[in-house]
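Asks: Residues or ranges marked as domain 'VWFA' in TrEMBL: 17-189, 219-391, 419-591, 613-785, 803-963, 983-1155, 1175-1347, 1373-1550, 1546-1618, 1634-1806.
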Amino acid sequence: WYVNKHGPLQRQPAGKDIVFLLDGSDGTRTGFPAVKDFVQRVVETLSVDDNKDRVSVVQYSKEPAAQFYLNTYTTKGDILDTVRGLRHKGGRPLNTGAALQYLRDNVFTASAGSRLQEGVPQVLVLISGGRSFDSVDAPASALKELGVLTFAIGTRSADSKELQKISHDPSYALTVSEFTDLPNVQQQLQSSVEAVVIEVSPESPPVPGMLTIDTAKKDIVFLLDGSDGTRNGFPAMLDFVKRVVEKLNVGPNNDRVSVVQYSRDAEIHFYLNTYTTRQDILDTVRGLRHRGGRPLNTGAALQYVRDNAFTNSSGSRRLQGVPQMLILLNGGRSFDNVDTPASALKQQGVYVIGIGTRNSDTRELQKISYDPSSALSVSDFTDLPSAQEQLSSVMNTVLTRATPITPTKAVERQPAGKDIVFLLDGSDGTRTGFPAVKDFVQRVVETLSVDDNKDRVSVVQYSKEPAAQFYLNTYTTKGDILDTVRGLRHKGGRPLNTGAALQYLRDNVFTASAGSRLQEGVPQVLVLISGGRSFDSVDAPASALKELGVLTFAIGTRSADSKELQKISHDPSYALTVSEFTDLPNVQQQLQPDRYMICLTYTEARKISVKFDIVFLLDGSDGTRNGFPAMLDFVKRVVEKLNVGPNNDRVSVVQYSRDAEIHFYLNTYTTRQDILDTVRGLRHRGGRPLNTGAALQYVRDNAFTNSSGSRRLQGVPQMLILLNGGRSFDNVDTPASALKQQGVYVIGIGTRNSDTRELQKISYDPSSALSVSDFTDLPSAQEQLSSVMNTVLTRATQPAGKDIVFLLDGSDGTRTGFPAVKDFVQRVVETLSVDDNKDRVSVVQYSKEPAAQFYLNTYTTKGDILDTVRGLRHKGGRPLNTGAALQYLRDNVFTASAGSRLQEGVPQVLVLISGGRSFDSVDAPASALKELGVLTFAIGTRSADSKELQKISHDPSYALTVFGKKIHLMSSCLFSVDTAKKDIVFLLDGSDGTRNGFPAMLDFVKRVVEKLNVGPNNDRVSVVQYSRDAEIHFYLNTYTTRQDILDTVRGLRHRGGRPLNTGAALQYVRDNAFTNSSGSRRLQGVPQMLILLNGGRSFDNVDTPASALKQQGVYVIGIGTRNSDTRELQKISYDPSSALSVSDFTDLPSAQEQLSSVMNTVLTRATPITPKKADIVFLLDGSDGTRTGFPAVKDFVQRVVETLSVDDNKDRVSVVQYSKEPAAQFYLNTYTTKGDILDTVRGLRHKGGRPLNTGAALQYLRDNVFTASAGSRLQEGVPQVLVLISGGRSFDSVDAPASALKELGVLTFAIGTRSADSKELQKISHDPSYALTVSEFTDLPNVQQQLQSSVEAVVIEVSPESPPVPVDTAKKDIVFLLDGSDGTRNGFPAMLDFVKRVVEKLNVGPNNDRVSVVQYSRDAEIHFYLNTYTTRQDILDTVRGLRHRGGRPLNTGAALQYVRDNAFTNSSGSRRLQGVPQMLILLNGGRSFDNVDTPASALKQQGVYVIGIGTRNSDTREPLNTGAALQYLRDNVFTASAGSRLQEGVPQVLVLISGGRSFDSVDAPASALKELGVLTFAIGTRSADSKELQKISHDPSYALTVSEFTDLPNQRRFGKKIHLMSSCLFSVDTAKKDIVFLLDGSDGTRNGFPAMLDFVKRVVEKLNVGPNNDRVSVVQYSRDAEIHFYLNTYTTRQDILDTVRGLRHRGGRPLNTGAALQYVRDNAFTNSSGSRRLQGVPQMLILLNGGRSFDNVDTPASALKQQGVYVIGIGTRNSDTRELQKISYDPSSALSVSDFTDLPSAQEQLSSVMNTVLTRATPITPTKAGKKVTDFYFPRSW
């Protein structure tokens, strides 16, 4: 039906996409029902149900909101129902322009269901009741450019001229007096739509940058059905292909041909670029053979040709505009689905012609073909000649359609050089030839231009795995490259994995971060030098490199596989061969640079279009008044050289001084003349100060945006030209960086008054900062500007990471829980990579309406985000409109202007936290977010609607629920197996083959159910049916009575379908039926059973999902018929005896008895385990308020411990004491005897301190005590018990940590005195009844019996989650791990003899003993698995033939990990899950090069019994890693949580006693301990390294030596040194202090600033300044802070006074005192800035403040106090007194003056306060350190 300027084509369109845009502003409220009626009447006339027509409705006022998209509904009924239910939006003003732009960007898109790309007409019907508040020009024009046919209907209140502008044609603007008159124009509208749709022609296809279509040439792929059913017709197919080819004009620049044959899968016979002559093609076609095979997978074949034939590397010229055709010859119906791949081919512009026989499916062929008329039919293939004429006709039609599109201009640019990567085979087989390879590389490098950065080089060596020797950006000189290549060592190793190496290059070397300039159009060249055939496949990675545009040359020796090299190479002719590597010089000439230039054709798709978006930012401040006319002249001259137009260059102008103003946007003007006229009329603004930073931020947020006309997302270069005449008053760093990150190329042009360094910072790079003496010299900069603009064309950026948006319910109902929500957000943010711009974060809070707290591009550091989240205030309000909030995110947050990188491919994640059901509908906005590709997780409380959360979530499983105070009260911590109940899932085969037997299946299910005791606390049942995919009929928690289940089963219908995917169905039940939310009680220990009724062999693989079910503890019983695969059923079933068989389903009753027997066996195994063991942790309140009662607490703990069984390792005990923070007295694995525990408890000292932070203590237990490393046996199923003894109410919140412990399965008992909060104790306890109360701690014995009874009662129920299977000692699985390294060559035969002798004594058999052998050196290799051989003789024969591998180093750790992951697994024959003992026998001949700790531990945890046999060369103990030990102390012992009082100023002493040299480096960890302030003494024997000990020690003189450890008592001088040094290092020196002055430099203190400086000078004059005396620093702040000089900048009083005199007032607002306090903490009071805090020197901050802070001061003030800084706050009458008191060390340290001129009166007060401070900071008597020395058992005489 299309008619276009190139001539008519008669075709009826498939339909149309119609969007209704409805005015929902305040003025249309009364008329809105009439508008809805009108829409309904129009929809009634459409053909929606057959997918011809699609409909979307958008309502708008101030902003638009999609009610539903084009792909939301597929039936007319659904659309009409939704339209009837529409609510009037309301709001003002009416922004029609923004709404039109919204449609352009969000509705007329493929993701929203638009079929624009497929040529379907796009129709917009606008119904408006008023004039637009914003401009409609640009967006209306954009819709017309897109090809949208717009009709505008307005009332008399609308602007008729505006409607005509918007409409496709002025005659399509219709007017009615009121909306009730809309029916009068319905017929007119429909007639106009029909008339114009007939003449609409799609711009075929409207893709920017599409190249000219050349109808004189075409690319044709033949896809031939080679399945079993076409054997006889195949010769006729080949004849047909030959006849078509004979009529083509074949040639590299004419027609190209490819042939693909397929059945089950597809195979390409030759590519489009394989042959360049007709004769070659005909000869090859004659020789083709029929493949055969079944089933016929046409869908997969279509996908295959899309991915492998119609690609650039395969010779397709699609990107050059050559028509792409696929001719399918098909003889049967496809076994798989063809819809998606057929659609994908059409979207790619491939014209598909389907020719089928009588056996083909006509509808399927029509689906596949470009349109139904392109589907041709013959009775059989011998009739193909009759279709030839039809084919010619269709092909002619295709070529007529492919009318030329004028391509956009492209710059033909020769790249500056090339990026060359050498990939060198470093496997064992190339050892001797490797020197020759290195010589070759050096010779090639000699010919390159490296030093001028034209060429870049990288070298990667590989064998089993690749290793980059250096990257493309590692070296910048040829000399460095040559030196490195000369020094390369041969890697060694096998096998040779070339495929993995090529993939490694794709992912890690040809990337921007590794120095590749691919994005800049620089040719990418790969030279592969290989000496053998690859062990892995090279197909996919080689193809990926070609797709990337890499030009690959492959050079191989005679040992290499020439076909493989040709596959890898860019072209088969680029695969070169030499007999040996020494012959490499013979091929060097073939690799000369002129060969590289061919790769330019592969960068054509990356050519940069000649268009820019240019924003001029003009300095309009007072200082540029005279130069402003010259600026305007400069702008005009630049514009005159541009090619201005909507699809060419765009220009915007912004002027700024104190703030910025946009004169016109990038999309305001579309002609050069309009821009020039406007620029001529611009006036100088004036004003001061000059805020360049704010102006840069302004242009980023307002000029370089989609709505302002920026085409950044379409890849158009973005440029900012700054004309600046002075230094900026504000900071430019952050906004300049933000512009660069957004990809804006900034060119800064300044005068002599500008700050050159500032301009360089702002500019894209320093060379982009240009300079003139004054603005009249700007013409001289024009040439420089042109040069820089050309450079811009070669650059691009690439983001990474994810964009995460948190949507927080801030309604009235979440007020109390909001702090916990903020904590959650902070914890998530802590895990993200924000600072390197990988991850971005936004937070939106909502109730009735949403409010963005900050956008994705607001903050660029994690610190800023965390600070803002901490300070969030609860919004409040109701009702809760989640739908509106989701829509808000869709329209305002997941957008480029808000920082979303969706268009750049960055994943978009939404985390919704909701506390209630939404008042509005969430359907459409949730669907819209999914369409947009947003991955949504929804977390709700019990007040939320779980179904609603599932709707919103990306997948129902992403909807999570939390239950407040009682999270899984008992279920998550009690795992007792209840054999009186079970969870049974029936999985029924509903495929085509079981139709007749399905009633018998249902009868069987009913009979089983009738014998069950169904009930919520008894048996539960679920039924799932499957064929191709699975469907759950009802869940385990759907029905609670037997009758309901029976009634539902009776009504089930057979699904049908094929193929039968049993593997997928098993995975489905694992993920959807055996889950907590579906009613599974697996975690409570209830047996889980799956009964599979199966009638055929699975089409997919069942191994992995079957194994996963077993690992989850599900007992699978498989029942099959004669058509089933017996071995497959046995694999699926829990064990082979659980696989039952009947001849057909009518015989199922005969299997009922077998089933009962198997089920009884299962239940017998799942016996309740009565453990007599527990892990018990006592958490004791050690705060100030419990001092007197603490002895009674200790007595109580001792009495409880007396009742436990500690000595036989049944019970374990830990004690933690807490007040402000917790401290572990000992862990669960510290003591193994009751005596040790009792002794330690008796000796406990009361901790003291306040406040009481019970929440933090509970969290500490969760993270540090109930862990495997601390001795917890939680993973082994041992009950975890916590006994809390508390004497007061917690200062912090206990909710989240108490809940976390319950989730972990910890059984908590809380005992409190009358001072405790009983409700808080009940919250913490496992159950409220477990919260016990005593009046005083002396009454604790009264509750002892109650506590013990409760513990015993609940512990008896507890058992491990996976009940252990009985161990069968009559059989075992044995793996031998043999050291095959270089050092065991001579001993290897003896090893093999040993293995044979052991095997000869075993009872080998599939159900008896099994054996596997693994050999290792650098890496491990399995010789045979546990299930490879089933006889002793086979094993012995194989062992005899084993050869020694050789290699080094010896990596025993990696080998242990390898056997764990590859040998002791179900698929490898391990029977660990069946309870068969697992043994590993290690034969080892040397010390391991890597660490064995973790893998050895992992094997033991898996229950593998490891026997290690070593020689004299083996290491019988661990290596000495002193470095790791020191680091461990730094991270785990010298910490507050481990009891260190470092933060309280208590000296930290480390005594190291060492008997040898460290295996690892001690440098960094020793340095870290010194930085921390730890005083280290190192004592070593003569075997130790004295230099190493000196490095570790605080001072070399603290490194002491003894000949043997028996001489340690002689080191009396050691004790003296500790006393001497601890008192010296840690005492407070009141003769010196570090003082920082923090001065308020905001706008409000301008007049008082000189008085501040005088005050500072007077204080300094009284100080004793010097490097070892007093030190001074000065910081000034307003909006942000700036340090004038540090504590270590000046060492004399005079220098400080001179600098203070010269300080200038900064100005600025608002006043952020909180940020300034944080700044001085992080930047002034640090070691590197000269602070001597760690040496005990008093730290003082004197704040001079003249106003209330705009931000919050609480946290930073508290942080300074915790750091020990004494803060003195001095304020004026404008200051906030309470705020100053908060900031100051205590309220008395907050001083006040009326204004700053009165500061001298405060001098005396200040002196008094300082004296008080210094008196407090008295020297610390180092008795505490001495006490520690006594604890180390040093002699008392010291």
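The chain as shown is numbered from 1 upward.
The backbone N, Cα and C atoms fix where each Cβ goes, and this holds for glycine too.
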Asks: Does the chain bring the domain 'VWFA' (419-591) near the domain 'VWFA' (803-963), so that three or more CB pairs sit under 8 Å (pairs 6 or more apart in sequence)?
Replies: no
Asks: Within this structure, do the domain 'VWFA' (1634-1806) and the domain 'VWFA' (1175-1347) have 3 or more Cβ pairs under 8 angstroms, counting pairs 6 or more apart in sequence?
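Replies: Stretch pair does not touch.
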Asks: For the domain 'VWFA' (219-391), I need the partner stretch with the highest count of C-beta pairs below 8 angstroms, choosing only from 803-963, 983-1155, 1634-1806.
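Replies: Stretch with the highest Cβ contact count: 983-1155.
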Asks: Taking the domain 'VWFA' (983-1155) as reference, which of 17-189, 613-785, 803-963, 1373-1550 has the most Cβ pairs under 8 angstroms?
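Replies: Answer, by Cβ pair count: 1373-1550.
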Asks: Do the domain 'VWFA' (1634-1806) and the domain 'VWFA' (17-189) come close, with at least three CB pairs under 8 A (pairs 6 or more apart in sequence)?
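Replies: Answer no, regions not in contact.
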Asks: Could you put numbers on the helix, strand and coil content of the domain 'VWFA' (1546-1618), residue by residue per DSSP?
Replies: 33 helix, 17 strand, 23 coil
Asks: Give, as a single whole number between 0 and 100, the mean pLDDT over the domain 'VWFA' (419-591).
Replies: 90
